[in-house]
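J.: Mind having a look at this structure? Questions to follow.
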Amino acid sequence: MASLPLKKNYRCVPSLQQFYSGGPFAVSSDGSFIACKCGESIKIVDSLDASIRSTIEADLDEVTALALSPDDSLLFSAGHSRQMRIWDLSTLKCMRSWKGHEGPVMGMACHPSGGLLATAGADRRVLVWDVDGSFCTHYFKGHKGVVSSVLFHPDPTKQLLFSASDDTTVHVWDLLTKKCVATLNGHNSTVTSMALSEDGWTLLTAGRDKVVILWDLHDYSCMKTVTTYEVLEAVCAIYSGTPLSSYLGSCKKQNGKKSGLSETCFITVGDRGIVRIWNSEGAVCLYEQKSSDVTPSSDVDESNRGFTAAVMLPSDKGLLCVTADQEFLLYSPVKLPEGTLEFELSKRLVGYNDEIVDMKFAGDEEQFLAVATNLEQVRVYDIASMSCSYVLAGHTGIVLCLDTCVLSCGKPLIVTGSKDNTVRLWDSESKCCLGLGIGHMGGIGAIAFSKKRKDFFVSGSSDCTIKVWSLDGLSDNTEKPVNLKAKAGVAAHDKDINSVAVAPNDSLVCSGSQDRTACVWRLPDLVPVVVLKGHKRGVWSVEFSPVDQCVITASGDKTIKIWAISDGSCLKTFEGHTSSVLRASFLTRGTQFISSGADGLVKLWMVKTDECIATYDQHDNKVYALAVGKKTEMLATGSSDAVINMWYDCTASDKEEAFRREEEGVLKNQELENAVLDADFSKAIQVAFELRRPHKLYQCFSEIWRKRETEKQMEKALLALGEEEIKLLFEYVREWNTKPKLCHVAHFVLSKVFNILSPTTINEIKGIGEILEGLLSYSQRHFSRMDRHETNTYLVNYTLTGMSVIEPETDTRVLDDKSLMHSSADDAKGTLINEPEDEERKSSQRLKEEAATKKRKSKKSKDGSTCNKKVKA
């Protein structure tokens, strides 16, 4: 069998992140993105794949209201601090901020023209602001409770503003007269939502009193009250031209009904978690979902169930509903062959996952990812779009572990263990529970399918026991799950069992526990084989090697060990994590393995050399979950920071990229050498910057400094540099300036740069201040050194002059003056120029001879004095 190429690097793709924590949100006019509150920040999320486009930090202020401008260029936000802000979505910068309400802002709406912003506050007031000037244009008061929502009339000829409050009333405000033109009393509870009909003359209001009221805006009278028998959270009017309205029109024609002029169709959602369509004519329900797509919860608090909001998306994009557990459900209307309507759940975007406890790849082609979080359900994601395809609900406690397999017949299965002390077997295709296993006395923290026959699975519990469950007796009847039978069971450890693994040939099973040991058992009767002792903390993960008779264990003592099954001896110990190692799994036929820990790190190891060849820091918290694809060996990691990262092997692509870069580097180097030989310094400087060759760049500048005629090429090259390259040039110059031998070239380059670029342009470069400080300090040293050298030359000149080695400068000046006087006198007499030159030469020669005789005399006198001194002595 040919050996697989070793993996050297993985590329991380953040696939699923927390982007919505409940509360306000705003949908763009084209439905392409959603602005969501996420803690103390605002996330801009792509509605196609839930990827985060950008993040806006709200300065530790919890967001209470959001709104978008009609052209989606501006985002308006408000928080508990009463601070309102306008954000430019192109730059993600706050353009303006101000305060106006005496309490938190609970709702916002932007005028269709984009020039006005209405805000509803907990101070019972409604204010209208000029967007450009941020000043208040209208001040409305009259509500007796918290104003929860506001709505502008879309028709520019009707300058009306609607506001709904907890006092069960809706006020209609005239923007021209700045007065309340009507107060709509009809609800008996909080008004939660408002909508306008297509013609603009009917206002629909929904409340928690389970009714929808239609108001005539001609005289502000109640036209009709529709009882829905459901606490309503949102109402949406259906406009003509949409697929939904065309379908409703065809249904009316089939039933022989004529559509009236005043009838209005609308959608309601509420605490039941179903979508319903109503017709105002007769107050009849035209459509009702058969079952809810909202994830069922075991929480007794009813407020955590159902829908909290709904928005009709433009054109044919459907209906967007928001659930109480931070999910966005996108529905598309579908006409069935029998002529009935059905809302198909086309996408489920999960905004908040809490801690990722465990996950595994699912499906025949590993196109799905089953994820267990701190919930009673298992969410299965489509890896291509990272949309939650479906939810497996049935446990009454938090799901702690799961495993997946594909039977020989092609049926994909998922098995889960929960805190409710039960195990459940699921069919991934039908999304139904096939079997239920009861027998453990504690929460089930570990579970694993058989690898070869796939006719059983093993579970480990906090009751310190291991059980083997048989898959015999399963039927295709999905109405009621069968009771799974335990083939064997054993009290395996003294403390909670954290992990179990089945050998590739289904002959052994290994268990890891908090009692610091791992045990190997022989199947099917769970006969003990060997106990692996050596860890100083609990064992969090165990796994069999796919090719060797060994087991890998990860422990809370920050180490990973590989054990021999034959005698239980420790073969290798790997150290590198700074905290507990939570998962370890083999790669590349057992020659490598990947590990994750509580330090948030993911590490890639070589078994043969005991070496960690790569470390990845893409998580901010404990990495509890690690899944390895059996076919592609693609990785998925999940942590307690609610982030799921996908990892793709990029060893081959990195090798190709390195080869391509090397090839380009060779060509560029040759191009650089040719440019230097041709004295084309403009091109040489450009190529040197591309190759990041500071030494070659210095040689080019040095050559230009010697040959002043090539300075124009240097100026041309400097003008072509970008901001990043200018900053890099300053960094190079700073390094050259630290060496006395190179400083002259550095200052030459600086002078050229300062002549070409303006101070404003240089000051705008990010980080330039620190670089200039480094340049200034060394430049001061160089100038001080030059001053010292110049001072020293004065002393040398004085000494040499005193020793008569060189003639004083004054004598030469006198001689020059005399010669000039002679020449001028001769010129005045009209004599020839060469005659005074001869006389001058003769006179200078006489002066030199006299000076030489003086030197000889002085020397003799000195010698005579020294001799006299010796005689006296």
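From the backbone N, Cα and C atoms, a Cβ is placed for every residue, glycine too.
Because TrEMBL annotations are produced automatically, they should be read as predictions rather than curated entries.
Model, not experiment: these values are computed from the prediction.
Feature table excerpt (TrEMBL):
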REPEAT    56-97  repeat 'WD'
REPEAT    98-132  repeat 'WD'
REPEAT    140-183  repeat 'WD'
REPEAT    184-225  repeat 'WD'
REPEAT    392-427  repeat 'WD'
REPEAT    437-472  repeat 'WD'
REPEAT    490-523  repeat 'WD'
REPEAT    532-573  repeat 'WD'
REPEAT    574-615  repeat 'WD'
REPEAT    616-647  repeat 'WD'
DOMAIN    669-803  domain 'U3 small nucleolar RNA-associated protein 13 C-terminal'
REGION    823-873  region 'Disordered'
COMPBIAS  839-853  compositional bias 'Basic and acidic residues'
COMPBIAS  864-873  compositional bias 'Polar residues'
J.: Mean pLDDT across the repeat 'WD' (56-97), rounded to an integer, is what?
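T.: The answer is 91, the mean pLDDT of the model over that range.
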J.: Can you work out which residues elsewhere in the same chain, 6+ from the ends of the repeat 'WD' (616-647), have a Cβ less than 8 Å from its Cβ atoms?
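T.: Residues 7, 10-18, 352-361, 365-366, 369, 371-373, 381, 383, 582-585, 587-588, 594-598, 600-604.
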J.: What does the DSSP secondary structure composition of the repeat 'WD' (56-97) look like, as residue counts for helix, strand and coil?
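T.: Once the DSSP states are binned, the repeat 'WD' (56-97) shows 0 helix, 25 strand, 17 coil.
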J.: Would you mind listing the long-range same-chain contacts of the repeat 'WD' (140-183), meaning Cβ under 8 Å and 6+ residues beyond its ends?
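T.: Long-range Cβ neighbours of the repeat 'WD' (140-183): 106-113, 116, 118-122, 124-128, 189-196, 200, 203, 205, 207, 209, 215, 217, 220.
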J.: Taking a Cβ cut-off under 8 Å, which residues six or more beyond the ends of the repeat 'WD' (56-97) line up next to it in the same chain?
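T.: Those are 23-30, 33, 35, 37, 39-44, 103-110, 112-114, 117, 119-120, 129, 131, 134, in sequence order.
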J.: List the helix, strand and coil residue totals of the repeat 'WD' (616-647) as derived from DSSP.
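T.: DSSP composition of the repeat 'WD' (616-647): 0 helix, 13 strand, 19 coil.
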